[in-house]
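Residues annotated as transmembrane segment in TrEMBL: 15-35, 47-71, 91-111, 132-152, 164-183, 190-210, 241-261, 282-304, 316-341, 348-367, 373-403, 415-432.
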Amino acid sequence: MIRFAEKQTDRKTEFLAGLTTFFTMVYIIVVNPVILSDAGVPFEQAFTATVIATVVGTLWMAIFANYPIAIAPGMGLNAYFAYSVVGSHGGISYETAFSAVFVAGMLFLLLSLTPLRSKLIEVIPDSLKHGITAGIGLFIAFIGLRLTGIIQAHPQNLVALGDLHAPSAVLTLIGLAVTLILMMRGVNGALFYGMVVTGIIAYATGQLHFDKGIVSLPSLPEGLIITNPFAAIGDVIGHSLYAVVFSFLLVTLFDTTGTMIGVAQQAGLMKGNTLPRAREALLADSVATTIGAMFGTSPTSAYIESSTGVAAGGRTGWTALAVAVLFVIAAFFSPLVGAVAGLSAITAPALIIVGSLMISNIAHISWHQLDEAFPAFLIILSMPLTSSIATGIALGFISYPLLKIARGRWRDVPLLLYVLAVLFFLQLAFLPH
Ligand SMILES: Nc1nc2[nH]cnc2c(=O)[nH]1
């Protein structure tokens, strides 16, 4: 049940938070089908599947887990699906790749029902938990800077300052200034109103236009891609896609867990070392991944963009409910959504500002203890550099036990952490990313 109780929030704040999260993540209903169609998935099929997976996962999160966290197909895993899995291993079709996603989703679902679920969260040392939140903060800010061209590619240094005179950069900086001023003045929903003001300026200056109109009816699913679970399992066995299933499972499990911990910590919703209702929260993602695979999308994940809604005051499932309802509405407004989602300057200020809020977590890391500090530092450093939450977590999990052993404190590390370190090592060393 969704409850406001003792969370110091109200319906209006939650709705504004939902709007904020929605606008920072709605690009996915355009971008995800574009990426998946590179692998041959029909665009309309992927569009509908993206909306269905997002609505199912986010509604589940709202109703059963009561967290202000949205679920949608992850940007890392759609690229992995389209560019590393489909066509590899001697010509894997997208239908077979969806079988692998389906089986990974089912395994994740089973895992979410076992005690291992809460163990996974409790076993993560505090310094790594804070490192994950801070790393996500840097990553999200980097995404905002990169998408708008404020930071751009550089042949020697990889990244460099972009052209600050470019319209997109100027618009972002104006949006950033407007949003920060609104926040300084204590305006509720400043992140969302900042987007509205930026959108209006974009329209007035000709950067935002609605060439394809506003409304269009969503197409119905052309049919399920996976109808028989046993056939899907047979497909995975027949093509020996074990490593692919393992990668999907490991990445989605740790991306989602890391993101949930990060966002819950930001929202003040962690109870000590534990995430209350972790079962329902993980089920939201595993159910969405499984159903999404049946309709035709790559695995879902808890979305880092949810942190913008939390920064806007979202504390309960009402925020997620608003996101889910807005995604249903968005399915009818795909031309409008496409136009706004195509102009990243509108949402980038929220991503950059939220990054600055999330990095405050580094204050809780024991920097004077190298065996605690260095793994956290690796996580914070590598999330933006590798554009992968799961890789950041993997590096932290591998280095943590190693440093504890080097310090003679190997007994302080729970057995499960050693097991995870080995699994992450094997994945990083031997499987494609
Ligand atoms: N946590 C998370 N958030 C995202 N937002 C967009 N893509 C992703 C992803 O792959 N993982």
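Any Cβ shown, glycine's included, is placed from N, Cα and C.
No curator has checked TrEMBL annotations; they are predicted automatically.
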Next on the checklist: Is it the case that the transmembrane segment (91-111) and the transmembrane segment (415-432) touch, counting contact as three or more CB pairs under 8 Å in which the residues of each pair are 6 or more positions apart?
Outcome noted: no
Checklist entry - So which of 47-71, 132-152, 190-210, 373-403, 415-432 is most in touch with the transmembrane segment (282-304), counting Cβ pairs under 8 Å? => result 47-71
Next on the checklist: Could you check whether the transmembrane segment (15-35) packs against the transmembrane segment (190-210) - three or more CB pairs closer than 8 Å, residues at least 6 apart in sequence?
Outcome noted: yes
